[in-house]
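Enquirer: One structure follows; several queries about it will come next.
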Amino acid sequence: MSNLVLKNCKTIDNKIVNIIIENGIIKDIKKTILPSEKETDTICDIKENIIIPGLIDTHVHLRDPGMTQKETWTTGTQAAAHGGYTTIIDMPNTLPATDTKKAFQEKRNIATKKSYVDFGLHAGVKTRQDVMDIMSEKPASYKIFMDLYTNKQLDEMFNYVSQTNKPLSLHCEDKTLVDYNIKTMKKNPLNKNKTITYSYARSALAELIAVNRAIEFAKKYKLQLHLCHISTRQTLELIHEAKEKLNISIEATPHHIFLDNTTYERYGVKAKTNPPLRDSNYNITIDNLNEFDSIGTDHAPHTIEEKEKDTWKSAAGIPGLETALKLLLTEVNNKRLTLEQLVKLTSTNPANIFNIPNKGKIKKGYDADITVINMKETGKISIENTYTKAKYTPFENRDYVGSNIMTINRGNIISQDNDVYKYDSKYIY
């Protein structure tokens, strides 16, 4: 691996530095470049654009294996590199689900060949033996979709994971209430083409009940919880009370931060997601971000055909890898978010929560994962010229100010000027 010097980098505290990269690792951070380094290394002039640690997305659905019509490890990680991400962690709900050692190994082999960024895998929860067997493969966490299981099943699954010392990532919606609401609302044929009805079926109360149950199980089994895509202010209040005594981290998604259920009027079923977009009585906004520990895109791509069905049959999910950073940098320019907060939420904290070694900081000895941003670049978000297979976004035509212009993964430039480049990716554990 050739060495690289990043010249004239502006840090988030407005210092101009040069970063010396050797064998994919940050060797040094200096104010000047030594003559020997000028002669032997590749020099890349950053031109006083701002550098931040490469973004880490701990919540993506790359659909590979089994659903490659939606996304693949190639297209999904190209989208990640293009969006400023250097590390992603994939969710287990592929076909087959990543809930056995064999399925875990098969997915990792696919990712190793195809991925444009470094990666980890969350494991599903099946039997106790499967949970124990997967431990040798070093999963980032175990993941449970609470809306798919009964209380008895959840109790057993929490128990299994408690024996691993791994985090438990949770999708928090109450199965009984969601099933009842959907069954009731389906009886009215007028609801078939009203996407907003879906948000009432998967109600704020369903999230609150599930989170409360998760907290009680965490007390019982002494687990580290990572609560994915929390979507209501009321749930946040409950979690913060519990955080005083329990090890809990909270994730926000860009679509829950920047959208509400009025989006359904403009965008219909293409904005359908789980949990759904909330109304103003419940929804979180950029002003609530200081209450969260991390931002995950919940990048959940589908085909246009799968999205353009009626309210109940349309696939739920929104792509986010190529829009998230633009949305967040716009809020930095709007003075509603600081770069320090952005770095914590998208890099430092995700690395800490999931114990990812040598990532999340621009620091001597760490992986040279760096995202270069131009805070003055302007434009409109468009699905054109994106790498994801999911050719839709509820942020279409939204103005942005600030964008990533280069992504560097372990000293390799993997994205620049809207192009992406492949180098050897690695499993992060």
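For all residues, glycine too, the Cβ spot is worked out from N, Cα and C.
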Enquirer: Report the candidate from LYS138, LYS143, LYS194 that shares the Zn(2+) 2 site with HIS171, HIS229, as recorded in Swiss-Prot.
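Expert: That Zn(2+) 2 site, as Swiss-Prot gives it, pairs HIS171, HIS229 with LYS143.
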Enquirer: For the Zn(2+) 1 site that Swiss-Prot assigns to HIS59, HIS61, LYS143, which of ASP293, ASP298, ASP310, ASP367 is also named?
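Expert: Record source Swiss-Prot; matching candidate: ASP298.
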Enquirer: Can you match one of ASN93, ASN349, ASN352 to the substrate site that Swiss-Prot gives for HIS61, LEU62, ARG63, HIS302, ALA316, GLY317?
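Expert: Looking at ASN93, ASN349, ASN352, the one Swiss-Prot places in the substrate site next to HIS61, LEU62, ARG63, HIS302, ALA316, GLY317 is ASN93.
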Enquirer: Measuring Cα to Cα, tell me the gap between ALA316 (substrate binding site) and LYS143 (Zn(2+) 1 binding site) in whole angstrom.
Expert: 18
Enquirer: Out of these binding-site residues, LEU62, ALA316, which one has the fewest other C-beta atoms within 10 Å of its own C-beta?
Expert: ALA316
Enquirer: Excluding near sequence neighbours, so keeping only residues 6 or more apart in the same chain, what lies with its CB under 8 A of ASN93 (substrate binding site)?
Expert: HIS61, GLY124, LYS143, PHE145
Enquirer: Across all the protein chains here, work out how many other Cβ atoms are within 10 Å of the Cβ of ARG63 (substrate binding site).
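Expert: The Cβ of ARG63 (substrate binding site) has 27 Cβ neighbours within 10 Å.
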Enquirer: How many Å lie between the Cα of ASP298 (active site) and the Cα of LEU62 (substrate binding site)?
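Expert: Between the alpha carbons of ASP298 (active site) and LEU62 (substrate binding site) there are 10 Å.
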